[in-house]
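Here's what TrEMBL has on this protein:
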- 1-25: region 'Disordered' (REGION)
- 12-25: compositional bias 'Low complexity' (COMPBIAS)
- 42-64: transmembrane segment (TRANSMEM)
- 76-97: transmembrane segment (TRANSMEM)
- 109-127: transmembrane segment (TRANSMEM)
- 133-153: transmembrane segment (TRANSMEM)
- 174-194: transmembrane segment (TRANSMEM)
- 214-232: transmembrane segment (TRANSMEM)
- 296-485: domain 'Major facilitator superfamily (MFS) profile' (DOMAIN)
- 298-321: transmembrane segment (TRANSMEM)
- 333-350: transmembrane segment (TRANSMEM)
- 362-380: transmembrane segment (TRANSMEM)
- 386-403: transmembrane segment (TRANSMEM)
- 424-447: transmembrane segment (TRANSMEM)
- 453-471: transmembrane segment (TRANSMEM)
Amino acid sequence: MEPSDTSASPHAGNPPAQANLAAAPETASAPATRSTIVAWALWDWGSAAFNAVIITFVFTPYLTSKVAGDHDSGTAALGFVTAVAGLLVAVIAPAAGVRADSKANHHRAVTSFTMIVVALMGALFFVKDSPAYFVPGLVILCIAQVVFEIAQVSYNGMLPHISTPANAGTVSNVGWAMGYLGGLALLFIALFTLIQPEVGLFGATDDGGLRFRLVAVLAAVWFLVFSLPLMFSKRTSARPAPDDAGPGVAGLGDAAPGDAAPVRPTSRELRGFAAWKADYARVIRRLVELFKVERSTFVFFVASAIFRDGLATIFAMAGVIAAGAYEFSGSEVIYLGIAANVVAGVGCLIAGKFDDWLGPKAVIVTGLICLIVGCVPILVSENKTMFWVTAMWLCLFVGPVQASSRSFLSRITAPERAGENFGLYATTGRAVSFLGPALFALCVTIFGFQRAGGLGIMIVLALGLVLMLRVPAARTDFAKVCPTP
């Protein structure tokens, strides 16, 4: 867990590898303003409505415990549907990222996909507490997860433009902390206005699952409102870049790329299927380049894909396990979510400083070890208090690992290739996204009890940790272009 100081790197004197980024200071413009960073972070605050309320603590537990006919079968179905959503993201994300780069408009992409997610969240209002609505609910969730992940490709792609190598860890972790705190605020509001009262706002009761359906509407409005600052802010996306603009990832000390590739039409010069075909061709060339020339970066993509899938599975199944295996009531699940968001937010705020000080790899490796150890009590204990303690321990490290993984890639990414690289980041993550949910569902099926799913999560995290140990610390001596927002 070494600091990411690279002054003594054996590759520091490799001129070809540094050529593109070393010249950046001559053309760099002013860093992003504080208001732009705040608008960017507020999107994370708003997106908690989807992650915390819909996926983790409120609507998904409602779907599997009240809409589905059986808890265990509902949980298994959710796991497999989540895997399908992940595979769809794996197919779509790379071209979406390339397209955002080629059009130099991450801002527009985030806006468009956010609006679609908001509409799908609102559609969950029509999912009543009857088995007849279980499949439609799963379908809506599946589509929403796909679109949300595509929105995140361009959202994450903004990070290299609003941060520098010196503060990328802090900016990324602050954004992640905003997400947790936003989730906390919304869970409080939902709990005391819709879920806990015998008759909540707008006549919310248990009849037809109305209180949970209204929470979905509240979450949709929340996401929309806090996305508006980013939607109406000045553009923060990269300048247009050629289709083969040189190395898009640098800083892990791999060999320099070879001669420049022949000039090809950019996807902006093509239309329809030809444009998407060109985008995928570029992605394939990039993956081949990574494997041949930047092997350490390639390993990072694979390692982060695996452990991020484990983290996503923790979030997706936390409320489900609480409601099913530990018999938490709807209010208790909300209290769990509130406490979890407080702990996770504090963890991110603390980890951001360690990320900038020791480097993101140190935060990632330490967090993964603590998460693997923390899953053990879920396997062996049916005690509700023990689950509370275990959940808080896990939340302390889940956010920092995710945020530092994002900052790791930001530090080694040229801004003009941010969409492409974060598209690959999403794609590699989703290429194995079936792993966590599938192993979770498989363990539940084999052992016959919900808590056994924790074993599947441990296996995924351990595999990601082993691969991450092979990745050098991210270099931070490459200047980043920070366009004026």
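Cβ atoms are placed via backbone N, Cα and C, with glycine included.
Because TrEMBL annotations are produced automatically, they should be read as predictions rather than curated entries.
Counted over residue pairs separated by six or more positions, the transmembrane segment (298-321) shares at least 3 Cβ pairs under 8 angstroms with the transmembrane segment (362-380), which defines the two as touching. As a quick check, the transmembrane segment (333-350) and the transmembrane segment (453-471) miss the bar of 3 or more Cβ pairs under 8 A, pairs 6 or more apart, so the two do not touch.
The transmembrane segment (109-127) shares the most Cβ pairs under 8 Å with 133-153, out of the stretches 133-153, 424-447, 453-471. Counting Cβ pairs under 8 Å to the transmembrane segment (424-447), the top-ranked stretch among 76-97, 133-153, 362-380, 386-403, 453-471 is 76-97. With respect to Cβ pairs under 8 Å, the transmembrane segment (76-97) is most closely packed against 133-153, considering the stretches 133-153, 362-380, 386-403, 453-471. Residues 47, 50, 54-55, 59-60, 63, 67-69, 74, 77-78, 81-82, 84-86, 88-89, 92-93, 96-97, 100, 109-110, 113-114, 116-117, 120-121, 123-124, 126-127, 419, 422-423, 425-426, 430 of the same chain, all 6+ positions outside the transmembrane segment (133-153), place their C-beta atoms under 8 angstroms from a C-beta of that stretch. If one looks beyond the transmembrane segment (362-380) by at least 6 residues along the same chain, the residues whose Cβ comes under 8 Å of a Cβ in the stretch are 1-3, 169, 307, 310-311, 314, 321, 351, 354-355, 386-387, 389-390, 393-394, 396-398, 400-401, 404-405, 408, 451-452, 454-455, 457-458, 461-462, 464-465, 468-469, 473. In the predicted model, residues of the domain 'Major facilitator superfamily (MFS) profile' (296-485) average a pLDDT of 82.
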